[in-house]
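Here's the structure we're looking at; comments come further down.
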Amino acid sequence: SLLEFGMMILEETGKLAVPFYSSYGCYCGWGGKGTPKDATDRCCFVHDCCYGNLPDCTPKPDRYKYKRVNGAIVCEQGTSCENRICECDKAAAICFTKNLNTYSKIYMLYPDFLCKGELKC
């Protein structure tokens, strides 16, 4: 769920999901269109695509369990949907960490109208 994803983001990056990732660029937050603004925004685009590959699941409200083993995120065994949602969230949290050096505050609270066009997953 968004709760676990938010905790993963905080643990990985040291940043709160809200406000740092909740409306960043064109893809972080609800919906998404246009070209990702930077590597962090691309993480969100890929995350959206990952969720899009789970048509039988409801990623935002579905809870799952994960733990950390030697600093690494490990998704715990759950239902098929829980496992796949956790893996999508884990990949995004790791992606955010890898791209912390290019995170730019100019893309926080980025206006949707500046995001034009459609990208295919």
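The backbone N, Cα and C atoms fix where each Cβ goes, glycine too.
Owing to the predicted nature of the structure, the values given are computational and were not obtained by experimental measurement.
Residues or ranges marked as disulfide bond in Swiss-Prot (evidence: similarity to another entry): Cys26-Cys115 (among others). Sequence-distant neighbours of Cys115 (disulfide bond) (same chain, 6+ apart, CB under 8 A from its CB) are Gly25, Cys26, Gly32, Lys33, Gly34, Thr35.
A simple way to gauge crowding: the CB of Gly29 (Ca(2+) binding site) has 18 other CB atoms within 10 angstroms, across all the protein chains here. Here Swiss-Prot flags Tyr27, Gly29, Gly31, Asp48 as Ca(2+) binding site, drawing on similarity to another entry.
What Swiss-Prot lists as disulfide bond is Cys28-Cys44 (among others), and the listing cites similarity to another entry. With a 10 A radius on its CB, Cys44 (disulfide bond) counts 22 other CB atoms from all the protein chains. Secondary structure from DSSP puts Cys44 (disulfide bond) in a helix.
Annotated disulfide bond per Swiss-Prot: Cys43-Cys95 (among others), in sequence order.
In the structure as shown, the Cβ atom of His47 (active site) sits within 10 Å of 23 other Cβ atoms. For His47 (among others), the entry in Swiss-Prot reads active site.
The disulfide bond annotation in Swiss-Prot covers Cys49-Cys121 (among others). Residues within less than 8 Å, Cβ to Cβ, of Cys121 (disulfide bond) and separated from it by at least 6 positions along the same chain comprise Asp48, Cys49, Gly52, Asn53.
The local packing around Cys88 (disulfide bond), expressed as other Cβ atoms within 10 Å of its Cβ over all shown chains, amounts to 23. According to Swiss-Prot, the feature disulfide bond maps to Cys50-Cys88 (among others).
Under DSSP, Cys57 (disulfide bond) is assigned to coil, being neither helix nor strand in the three-state scheme. Per Swiss-Prot, the feature disulfide bond maps to Cys57-Cys81 (among others).
Neighbour density for Cys75 (disulfide bond): within 10 A of its CB lie 19 other CB atoms from the protein chains shown. Annotation comment: Swiss-Prot describes Cys75-Cys86 (among others) as disulfide bond.
Around the Cβ of Asp89 (active site), the number of neighbouring Cβ atoms within 10 Å comes to 26. Residues or ranges marked as active site by Swiss-Prot on the basis of similarity to another entry: Asp89 (among others).
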> DSSP three-state call for Asp89 (active site): helix, strand or coil?
Replying inline: helix
> Which ones, of the recorded positions Tyr27, Cys57, Cys81, Cys86, Cys95, have a Cα no more than 10 Å from the Cα of Cys44 (disulfide bond)?
Replying inline: Tyr27, Cys95
> Rounded to an integer, what is the Cα-Cα distance in Å between Tyr27 (Ca(2+) binding site) and Cys88 (disulfide bond)?
Replying inline: 15
> Highest CB neighbour count within 10 A among the disulfide-bonded residues Cys26, Cys81?
Replying inline: Cys26
> Of all the disulfide-bonded residues given, namely Cys50, Cys57, Cys75, which is spatially nearest to Cys28 (disulfide bond) at the Cα level?
Replying inline: Cys50
